[in-house]
Each structure stands twice: as C-alpha cells, then as structure tokens.
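**Q** This is the feature table in TrEMBL:
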REGION    1-26  region 'Disordered'
DOMAIN    78-122  domain 'P-type ATPase N-terminal'
TRANSMEM  100-124  transmembrane segment
TRANSMEM  130-149  transmembrane segment
REGION    250-274  region 'Disordered'
COMPBIAS  252-269  compositional bias 'Polar residues'
TRANSMEM  469-491  transmembrane segment
TRANSMEM  511-535  transmembrane segment
BINDING   Asp583, Thr585, Asp1049, Asp1053  Mg(2+) binding site
ACT_SITE  Asp583  active site, 4-aspartylphosphate intermediate
DOMAIN    1075-1324  domain 'P-type ATPase C-terminal'
TRANSMEM  1107-1126  transmembrane segment
TRANSMEM  1138-1159  transmembrane segment
TRANSMEM  1189-1215  transmembrane segment
TRANSMEM  1227-1247  transmembrane segment
TRANSMEM  1254-1275  transmembrane segment
TRANSMEM  1295-1315  transmembrane segment
Amino acid sequence: MSESKDQSTDSTGSPGLQSRGEPQPPSFKEKIHRFFFLKGLADRPPYLQEIYDNTPRTVFYNYDLPDYMIDSQGRPITQYPRNKIRTTKYTPITFLPKNLLLQFTNVANSYFLLIVILGAFQIFGVPSPGLAAVPLIVIVCITAIKDAVEDYSRAASDAELNNSPIHLLTGVHNPNVLVDQVGPWRRFKKACSRGTARVFKFIKKCCIFICGSKRVKQEYAREQVQEDNLALHRVSTVVSDYTYRSQEPRYSVSSPRRSMNTNRRSIQSSHHRPTVALPNSLLNPILKKENAQNPSSIRANFKNRCWKDVNIGDIIRIRANEEVPADVIIISTSDSEGNCYIETKNLDGESNLKTRTALKCGGNNNLKHSDDLSDTKFWVECDAPNANLYSFKGTIHYENFDSKGNLVNEDEKEAITPENVLLRGCTLRNTKWVIGFCIYTGPETKIMLNSGITPTKTSRISRELNLSVIINFILLFVLCFVSGLINGLFYRNENNSRVFFDFHPYGKTPAINGVIAFWVALIIYQSLVPISLYISIEIIKTIQAYFIYADVKMYYDRLDFPCIAKAWNISDDLGQIEYVFSDKTGTLTQNVMEFRKCTINGKSYGLAYTEAQQGLDKRAGIDVIENANKWKNKIAADKEVMMDDLTKYSNNDQLREENITFVSSQYVRDTFLGDSGDDQKQANERFMFALALCHTVMTEESESDSTLRDFKAESPDEAALVSVARDMGIVFKKRLRSSLLLEIYGEEQEFHLLDIIPFTSARKRMSCVIKTPDNKIILYTKGADSVIFQRLNPRENPNELVSKTALYLEDYANEGLRTLCIASKVLDPQVYDNWNKRYREASSSISDDREVLMGQLEEEIEQDLVLLGGTAIEDRLQHGVPQSISILSEAGIKLWVLTGDRVETAINIGFSCNLLENDMKLLVVRPESNDTQDCEQIDDLITKYLQEEFHIDASSPSLVADAIKQARKDHSIPQAKVALVIDGAALSLIFQDLKDCPNDTIRVLQDKFLLLGKQCRSVLCCRVSPSQKAQVVKLVRTGLQVMTLAIGDGANDVAMIQAANVGVGIAGEEGRQAVMSSDYAIGQFRFLTRLLLVHGRWSYKRLAEMIPCFFYKNVVFTLTCFWYGIYNNFDGSYLYEYTYLMFYNLAFTSLPVIVLAVFDQDVSDTISLLVPQLYTSGILGKDWSQYKFVWYMFDGLYQSVISFFFPYLLFYLAFQNPQGMTIDHRFYMGVVAACIAVTACDIYVLMQQYRWDWLSVLIDCISILLVYFWTGVWSVNATYSGEFYRAGAQTLGTLGVWCCIFIGVIGCLLPRFTFDFFTSNFKPADVDIIRERVRQGAYDDYPLGYDPTDAEDVERHRLLTEIINKDPQLFEKMENEYKEEEHDKETPLERTFKSIKRRTTISRSKKGTAQRLRRDTINDQFQKHIPLDELRQQMIKEGEYTSARYSLDRINTTHEIPGVTQADTLLKYHTRNSVALNP
C-alpha cells in the first residue's frame, strides 16, 4: 500500500512497530472504501477500482503488520482473495433459481411463460393447462441440462485444479491473512457440492458400464486408478499439523508468537548444517538465534497441501514439471546459479522455455531448507494486481548483516523484475525445485486477470433476427386485437343463441369480453412466435462448429492442430466477410527465420534466392522456375565448398550440414584463411562474437542428436542469429547465472554477463554488457537499422563503411529480408560502475517514473556505438498463401495487410504473395516531416489522391459524408489497379487523440482515409503498432458497416482480433496468445480460404434459409386458426385438438428445418473453392434479408388459406363418410387442415434444400407420417382424447379426405414450385448456373475434395492432366482391363481416372515464358547522381554490389518507394547524429 513508503521502523528494522499516535475514527468514505475495496470483492465501483489499480501492495514475512494495516482487534484490514478458483456460473444451491432466472430473461421464454400462466385460468378456456406447459418445460429442461453439463465440466476442472498438490511451508505465522474459519454455510455448500459431484460421477459410471464399449470401460477404469493413486499420494504426506493453520486463533500485533511443542522436521532439515550469515542475504542471524533459544517453538516444515490452501505471504516449493499455483517471487532454486526454466504455454501459448532468476538476496545463499526460511524476515512492496503479463515492479526489503553477524543496513533493498517472478499457470521445466513467495492469489493473478477478456460477439443474422421476431409480435398483436374487437362487438348484441339458452359470455360487458377474447386469442396464436427457434439455432450452430472441427482438410499435421471453433454462435458471419485484416509475420509467412545474408565491415556475404526476389523476377518477366533452378545449383555448389572448409578449419562438433542456412564460402575463406586481409578477418570474428553474446537464448540437449545443443529463444530471430554463429565456429554452449560459456573453434571460454537491457517494441533494440576473459567491458547492441544508425559514433565509423552498410541493408530489404544492425562499444570500467549504480537504483524503484529513469540511463549508455555490420533473415511465405489470396480476391474479399515491417519489405512480400500486381499503381501516404501535430499534409495528400485517381471530391466535410454513405452501399470489387501503402507515422496522425486536433478535422481525415482504402484493390499498412491495427479494423467495421475478419498469430494481434467481427488465430511459432483470444483457430493461413468459402458460406446459406422457413411454417399453422375464428365469431374455440398446438413445433415440423440447416449444400466444397465468386452473395446479403422474410410470410399466408378454406368449404355440412357421419366437428376439420399444413410445410422445406440425401428424405417422411400416426393413436382412447375420440377413424378412414389432402398439398406448393422453376430456368442465380455446369461435367477434371491452395492436390491434378494429354487412350485400356475382373466396388484409382475422363474440356494451352532481359541496375530517371549513387555505381563496377532493387523502380508510384531511398534515410540518421555529437 502507498502508506508503506512512510512506515516507521524500530531498532531492528521491523516496520511499523512504533506507535502512530491515537488512531482516528474512520470517515464515512473510508468505511465505504474498506467495505468494498479491502474485502477483496471482484466487482468494485469504478472510483474504487481506480484506487485499487494504483495502490501498491505490501506483503510481510516473519514481520508483524504495522498498526495502520490492522484493526482494533489486531486483524489485518485488507482481506485478499483466496487462491481457490471458481469459473462456474452456478453452485448446487443456486443452480435452479439462477438458471431459471437467466432463462426467463429471454423474451421468448418469458412470453411462453405468460401463455402458460394464462392457460392456468379457466376463463381462457385451455382444455389441459398442464399439457399446455409441456413445450416450455421441455425447452427449459433441455437448456438447463445443457447448462448443467457445461457447468459441471467447469466445476470438475476447477476442483481438479484447486486440489492439485503443492509443497507449502507450514509452521511459520502468516500475518497478512485471516485464519480460514469454515462456517456452517460453507460447510453446507461444500457438502452439497460433494453430493452433486458424487451423483454426476455415479450417472457417468452407469452410462459407461451400460452403454459404453469395452475400450471406453477400460479407459474409465484406468482413470479411476489414477485418481485413487493421486488421492493416496496427497493423503500420505498430509499430517495433522493442518489444525495449526486452520484453527489457530489470531493474536494482536503486540502478542508474542505462539509456542507449540513439536519435534517434526522436514527430511531436508534433518540433515541440514548450521547456516552462517552472509552479506546481502535474507538470513537473519538475530532471528536464527531467537529460534535456537526457543526449542519449544514450532518448526517450519514443507507439507503437501492443495492449491486452494495457498495464501498471500505463504512460501511454497514448486517441483519439476509442476504448474505454479499463484504469482510468486523466486527466493531460491535448485540451480547453483539461481536460474530456473519455465514453459508459459498456458499463459501466452509459447512452448519454448524461458529463463527466470532468483533474487540475489535469496539465490546467493541457496535457501532451500525449511529451517533457513524460518530464520529469514523480509517484506515486499510491489505494484497492484494488473493484467500485464510482461510487467512487474517491486522491491524486497530486508536486514543486511555482514559475515560476522553485525547489522550493516536495517533496510537493504533489491529490485524485483519480471525475471524474478513466476506467474500462475506456467510450468517448471529442467529444474528440480523452486521456492517462491506468494504475492498474488486466485482472481488477482495475472492469468486470471487476462481470462475472459474476449468480448462477446453476436452474428449479424442473430441481430437482424430480433427485427423479425418484433414483426411477428406486431402481427400477433394485430391478430389478437382483431379477434378481441370482433368478439366484443358481436356479443354486444343480446339477440344471440348464447343469451337465449342462458350461456352468457364470461365478461359482463362487451369491453371485458373483448379483453378476455384478446388473451384467449394470444393463447391460440402463440405458435406465431416459435418456442423452439432459439434452441434450434443453438443446436444447429453447435453441429456446424463440430463439422468445422472435424474437417480433415483444415487439419495441420505438423502441429497436430485442427480448426477449432471457439465461438460457436457466429459461424454464419464467416459467410459474409468483406474485409480481411492480416498480419504478415507468422500469418502470411512461416515465422521460421533463416539467416541468409550479412554485411560485415562494408562487405556482403551470403547467397540466397528469396521468395521476394521471385516476385521481383516475376514482375520483370523472368522465368522464375528456370531462375530458381539456376540459383539452387549455384547455392548447392557454394555450400559444398563452404562445408569442406568449415570441416577442415572450424573444429566445430556442432556443425550439421542440414542446419546450415547461411551459405558463403567467401566468408569462410576470409575468416579462416584471411583472403581479404587481417582487418576483415577480425571484423568477421567480432561480428560473430556479438551474435553469440548479445541474446537471451537458452540451450538444451537435442532430442534427435544427444551431441547437439538446441537453442530455445523468445523470438525466432534470436535463435537464427545464435545458430549462424554456432555454424561458423562461435558456439554458445550454456548460460550460467552471470556468465555465458562459448566454444570458440573448439576452445571453451567464459564471458561474464554484467547487464542485459531487454528489447521492447518502443526501444527496437537490445543490449548486453559483457566482460571478456581479458577483462574488457564491451557493450553489444543489436536492433533496427534506423535506431542503430542514430547512435553511431561518427569518429569511429568511416563514412564509406556506413554508406556501404546502408546500401547492403537496402538491398536486403528489397529482397524481402528482415534486417538488423549490430554494433558495439568498449566501456571504461569506472564509467560503467557509475552507470550501473544509477541503473540499479532506478530499477529498484516502484515509482511511476521508474521506466522513464531507466530509459534515460539506457539511452545514455547506448551512444557512440561502433558499427559491426548488419544481418538479413528470411521469413518464408506459408504454403498456399499466394493461391489463397488470389482466391479470396476473386471471392470479393478485400485484404488489408497490417504489419510492423518496413515498407519496402512489405511491398516485396505483397508482390510475391499476389497481393500486389505488376500493373498496379501504389499510392504512398507518409508524413514528410516529424511534426506529429500537423495533419494538414496528410489530409491534402489523401484529398489529392481521391480527386485525381478516383474523381471523388473530398474538399468539404459534407461531400465526404455523402461519399461515405455511397461507399456503404457499394460492395463491389474496386476496378482500379491501385494499391495503398501507408506507414505507421501517417496512421499516428490519422488516429491521434482528438485533443491534438480539432474534432471535425480528425473525423473528416479518418473518413477520407477510409474512402481511399475503399477504392484501392489492396492496402498495406506498415510499421503499425498493435493499437493502430485495432484502430484500423474498428474504423472500417464501423465506418463502412461491413463484416470484418482479423487474422494473426502473435500477442500483438490480439487487439485487432478482438476488434473485428470475427477473429482468427493461427497456431504459429510466436505462441498461441492470439489463438486463445480468437473466435476460430487454424494451423495455416491457407485454411482461412476453406473456412470462409466452404464452411462460412454453407453456414450462412443454411441459416439464411432455415430462419424464414421456421417462421413460414408457424404462419401456416397459426393463421388457419385465425381463419376458423371468422366462423365462430372469434369466441376462442380451437380448430385443432390442443396437442397439435404443442407438437407442431416440437415434433411435426422441427426436424426437417434442422436437417436443412445442418446438411444442405448447394455446391460441394470443391466447387466452392474452384468458383469463389459464389461467395459474393453473402457479402451482398442476397440470401438473408427482411424482404425475404416478408416474402416467406406471405407464402405462409397463402398456404394457410389453402390449408383451411379448401377442406372447410369442401366438407363442412356437405360431406358424409361411408358410415353416414358428417365431418362437421371442428376437431375433424382440424385433422384435415393439420395434415395439409404439416405435409405442405415439410415438403416445402425439402424443396428449399439443394441436396437431397437419404437422411434428409427419411427425416422429412418421418415428420410427415408422425402427424398421421399421432392422429390415429391419440384419438383411440376416449379417456384422454375426449371430444377428439375416433376423430382419426372418422376422417382418415375416408378416401375423399385423402384426396382432399393430396390436392390441398399440391395447391399449397404449386405457386412456389412454379416460381422456383421459372426463376432457375429464365432468371438463374449464379449458383444455379454453376450447378448446371456441374451436372454437365464441367468440373469433372477435379477429384472429390480438391483444394487449390494445397500444393499436393495441385501437383497431383497437374500430373494426372499431363498423363491424359500424353495418352488419351489410357482410360479405354484401363476399362478393358477392369472389365475382365468383377469388382464389387470401384477402387480409388479407378474412380479418380473415371472422374478425369468425364471432363468436358481440358485446357491444352501452355503459357509461354517471357525471356526478357532485366533493366539497368540504376533507374534512368536518376540522371543526377548524389554521392551515394556514385558509390553504388562504383560498387557495381567492382562487383561488390549486386542489388535487385531496380525492380522496385519499375513500380508506378506517387512517391519514392522507401526501398529506393532507404540508404539515404539511414545516412540522414547518421549525419544528424554526427552533427549532434561533434563539439
């Protein structure tokens, strides 16, 4: 807490033991604050939450709490949450009331509950009120069972987690928390929970042993044995001293520690030698002496406890492969250096190991025994709980003694950084144990604060469905109002039969009678609002999500990762996506970094033919395949020479040819043979030393090769840099606590690691301070080229060296490679010691300006650097990315790439992945000055582009607003061959805070940017931050009112993923935090094509057809009752027997609609991918609209007229069956009308299906027959059926009724059939044309399940096509062979060849490859050479510079592409820095 900074200390350094004077009574505000804030409640008022977020936390160990932290009874004021986690919605006690309350917050459920309540009153004439409640009870029960099963699974997971074992230090008093007193209420709740768990387990066991297979029974038996063994393990180490922790009464601060008699000690402590005091150690000799003099005091022991028993201020011991139960500070580890290794897969999805380090005050002495921990005392001050996984500020305070036991400093401090903290959920690896001090528990841990942050999303159809429900409610009100009005007016007249025979209406006045008739009509017409609609949609979307998960074509076998639908309720949105926002690194590319080239001392090394170069050659008209083969042969030959030299000279046992990515025999000759002189040789070695020393990589033994060390890095770039140093003979062997062990050409040397200044996105660099074996202190820095060039010392870096390096870096960037600069600096020991002291003081502070102070000191030391060189790493495109982007573009989907990479890198990757085309004009938007307050230049530039390129007048806000309105209506693909390139600096101006510019100016500028992006075929946003990605997505989503999808793989993509309508995470190399925050998770980018064009389109079309069909069938059935009311003055009589009203939606017509929404396919998945233009119907909203809904309603209106009036006018009072009985009873007429309505509706739904399979037809037939079956069964028993007795025999036993039903069904369906026939034949939709082409065999070339983004499918199809072209008679030969043998089933090979033979056309045209020469390496437009160009030409003549940058010059752009002027820009940075440094 904040007051801890001012707390007093006694002579022994104990905080807070001096009196603070007479305590003042708390004010009203403080009482409120204590009640809400200090009780650890999760939901606090906003102003209290703000206080909570900004109040530091103070936790004590072996100290009594200060006076200001306790109340008058000596109890701690602040109550921290328990470590017990509960993610369930319900408890066994609250389930029934809470679940019912949540269900009846649904308007539909509340409506039907009102219907049931009305039916309970006899005045409304419901024949069987209990039976009337059955549909609602069924729906509520099904939903409750589903919720119970889901909640029980969560409860089981919570119980397993909360009861996980952990070693907890007992016997040490914890003053920070109250003793856990278990009251009667909690005992009762626990008993209920245990009872419920036993019931569920018993039900599960019965189901498994009754219905389960033998394999399932065996798996269940094994699980039971494992649970029993785990329980036995837990009980075996839990001793009776638990009563000390749970029942010991609290004492005030002034009370002495309680004495307890026990001789139990931990196994470790029984063999522990006495500990001597050491400087800067947590061990307290005074406390040790006190404990030794008091043998009756309880001894500390580690005992097995559960996670839920851990409290703030406890000390726990985590063992190898165990998860961390709470956020803890590392006191000590089993490693002599104080290091430990963790896996954070549960936190951020990253599977690579990370290093964490114990505090020096604990790790230096290896505090590993319980006695040691009982002899320590300290208190920790840290920041309030927050959700930032990568930030922690804290300080540990303790008493420092010298080796003789004399007190040196009563308040010694040590900073606590994120490197000293283990977070809940991470797993300990490769370390025997870690001892930690708990600071955050339960809901305050960082993993819990990050859970549940994914916003709730609702699909577009679900949102628009509310309007349809409202329309039906309005229609229902109108029908009920008309019924009540007519009924009231009719019975106003006394001269009617009712009065004559003394059967008076229930209401004594016409008005009351009309009101009663209104409610009676509401009960009769209740099915107009379908009771099972929402549960049906939920079932449908659940099945659709399963189909997405089960699609093997989206299974990524390398990571064993299927497509996972995490948000089941938005599958239909996948079929309406218009804009896709994609990250580049790890999303379009593999994020598997391969070191390709480097420049050292002004010389370039490395051979590579990158995918970006292939894109450049493609634009230049060069045969890419032929050129790739040439490069492949050239690289292979050079690699062979290089391997021979490395094997001969490097003495490197870690050298593996298959791991080599950097190919340069020239580098090997220069380094080992000195071909280019000693200066170049030494420069090469210094460069590789920097790569091997400046990193945070860890090593571990390779699983495939025990002699090889694998590198585990927090980023793939770092692993690539350390790997190339290893391959070149500078091998990083091991990381110790404060040193790095290298093997240099076979000889081991140890380098002391003095400091690490970590990489951040703001700094764009990292540095390491190394002390070499010859006692030199060297600062190594690596980072972005622009950052490093700004910090170069002009006196130590020759201009020619800097210029050449800049040119090479430009060349690498043009080839699509990721570039970094490497620099170093020798530090004076005294200068470093002075800086290190100030840096330690700044890092130990927990004040708000801590980062500012540290940043200033980091800037201070990272100056006057000496340039060592630059690196170039390739991040290859994922398989199928170019094809996927091309298909998505054809589908009408606009792709925006939002990347943090440089502009020129993004442009080259854009060409290589088909995002950009050769004839495109690039509109570049970037500020020309560094004045972030001036947005006029960007505004003028965008306005100019809109006017010149698209003829859009954006000179005034009103014109811009009108253009935005028009843009919202236009969903077509931009026809102009124009692409937009904008950098992060321009986006910062566009999205700057409104306070920096007039509000209207910023809003208009954002609208102009939106208009410009809307008109461009592709958009590249470069150098963007995570927040800018989210801002761009939100702008497009809200500004154009379109459906958006964001896809990414890293933590920096989470904000963008959550801002889009649909978020897709890729399980990549950077971890799976994006996956955990997404709605859908896939293994590769190419699976997005199938997810959208196949499953998304199917889901959308199915749901768009299912919902109007659902309302249509209810209109048919309900309006027949309304038409009947015409003949009985709307007196509330039922046309149907009441069970028909109940089962119409539940049984007679529900399954055909569900089958339609689950299994229907207008075209196959193969056709969906081959003809992506079919997807545009979802973008344009053609398949679902309120117009379509109303059209179906009118269709239902027509069919209801036929269903009622046709049999009524035909039979009523004019027909007799063979037994001479007339069919004039209302229930008899209801049977005929119900049979016509049900049969017509089910066939109508089947007619709307594109694909009829045996299951669809079978379910439709069963649903139709069910109404006839129920009529016969229910009318047999007079006891239950009443007036309905023998209604089935009287009606369905007559041939004329069957003829009436048959003709009535035809009359219902004939108009719709006629309309569909003429539409599909004379005004066909796109899908009708494609379906006809499929029937004619236009796509028989392609085998079933063909995926154009799958390289194997494409290659297989190409080979088969070539076989057919070479030997057209092949199939006849194969058929003759097959005729000789009888086959019960076709083989796969036969089926494949037959499908290819049935093709209608085979394209025999072969595209010729253009053999055009490349243009000159310098663009002709630069006739006047600047000095840098002269150097470039000189390097070209001397063969030192072989750039491919000229291909960028061919692009038609509005500005100079940054790739052309990148070297100039770097030199400007260097020149600016030179001016600043010169005296």
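Backbone N, Cα and C atoms are what each Cβ position is placed from, and that goes for glycine too.
Automatic prediction, not curation, is the source of TrEMBL annotations.
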**Q** Other than its close neighbours in sequence, what residues sit by the transmembrane segment (1295-1315), given a CB gap under 8 Å and a spacing of at least six beyond its ends?
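**A** Residues 1195, 1198-1199, 1202-1203, 1206-1207, 1210-1211, 1215, 1223, 1232, 1235-1236, 1239-1240, 1243-1244, 1247 contact the transmembrane segment (1295-1315) from elsewhere in the chain.
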**Q** Using Cβ atoms only, which residues of the same chain lie under 8 Å from Asp583 (Mg(2+) binding site) while being at least 6 residues apart in sequence?
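**A** Sequence-distant Cβ neighbours: Val897, Leu898, Thr899, Lys1029, Ile1047, Gly1048, Asp1049, Gly1050, Asn1052, Asp1053, Met1056.
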**Q** I'm checking region-level scores; what's the whole-number mean pLDDT for the domain 'P-type ATPase C-terminal' (1075-1324)?
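**A** Average per-residue pLDDT within the domain 'P-type ATPase C-terminal' (1075-1324): 88.
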**Q** State the residues, same chain only, that lie 6 or more residues beyond the ends of the transmembrane segment (1254-1275) and have a CB under 8 A from a CB inside it; answer 'none' if no residue qualifies.
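**A** The answer is 1137, 1139-1140, 1143, 1147-1152, 1155-1156, 1159-1160, 1231, 1234-1235, 1238-1239, 1242-1243, 1245-1246, 1281, 1284-1289, 1291-1292.
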**Q** Please work out the number of neighbouring Cβ atoms within 10 Å of the Cβ of Asp1053 (Mg(2+) binding site), leaving out its own Cβ.
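**A** The answer is 31 other Cβ atoms.
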**Q** Which ones in the same chain are close to Thr585 (Mg(2+) binding site), with CB under 8 Å and 6+ residues apart in sequence?
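**A** Residues satisfying the criterion: Asn591, Asp875, Thr899, Gly900, Asp901, Gly1050.
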**Q** Looking at the stretches 130-149, 469-491, 1138-1159, 1227-1247, which one shares the most CB pairs under 8 Å with the transmembrane segment (511-535)?
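**A** By the under-8 Å Cβ criterion, the transmembrane segment (511-535) pairs most with 469-491.
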**Q** With the transmembrane segment (1138-1159) as the reference, find which of 130-149, 1189-1215, 1227-1247 contributes the most Cβ pairs under 8 Å.
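**A** Comparing 130-149, 1189-1215, 1227-1247: 1227-1247 has the most Cβ pairs near the transmembrane segment (1138-1159).
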**Q** Determine the Cβ neighbour count for Asp1049 (Mg(2+) binding site): the number of other Cβ atoms within 10 Å of its Cβ.
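**A** I count 31 other Cβ atoms within 10 Å of it.
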**Q** Using Cβ atoms and a strict cutoff of less than 8 Å, what residues sit near the transmembrane segment (469-491) while being 6 or more residues removed from its termini?
**A** 107-108, 498, 505, 507, 510-511, 513-522, 525, 528-529, 1111, 1118, 1122, 1125, 1129-1132, 1186, 1189-1190, 1193
**Q** Could you give me the DSSP helix, strand and coil counts for the domain 'P-type ATPase N-terminal' (78-122)?
**A** 23 helix, 0 strand, 22 coil
**Q** Kindly assign Asp583 (Mg(2+) binding site) to one of the three DSSP-derived states: helix, strand or coil.
**A** coil
**Q** Mind checking which residues of the chain, 6+ beyond the ends of the transmembrane segment (130-149), have their Cβ under 8 Å from one of its Cβ atoms?
**A** 89-90, 95, 99-100, 103, 109, 112-113, 115-116, 119, 523, 531-532, 535, 1138-1139, 1142, 1145-1146
**Q** According to DSSP, which of helix, strand or coil covers Asp1053 (Mg(2+) binding site)?
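**A** DSSP call for Asp1053 (Mg(2+) binding site): helix.
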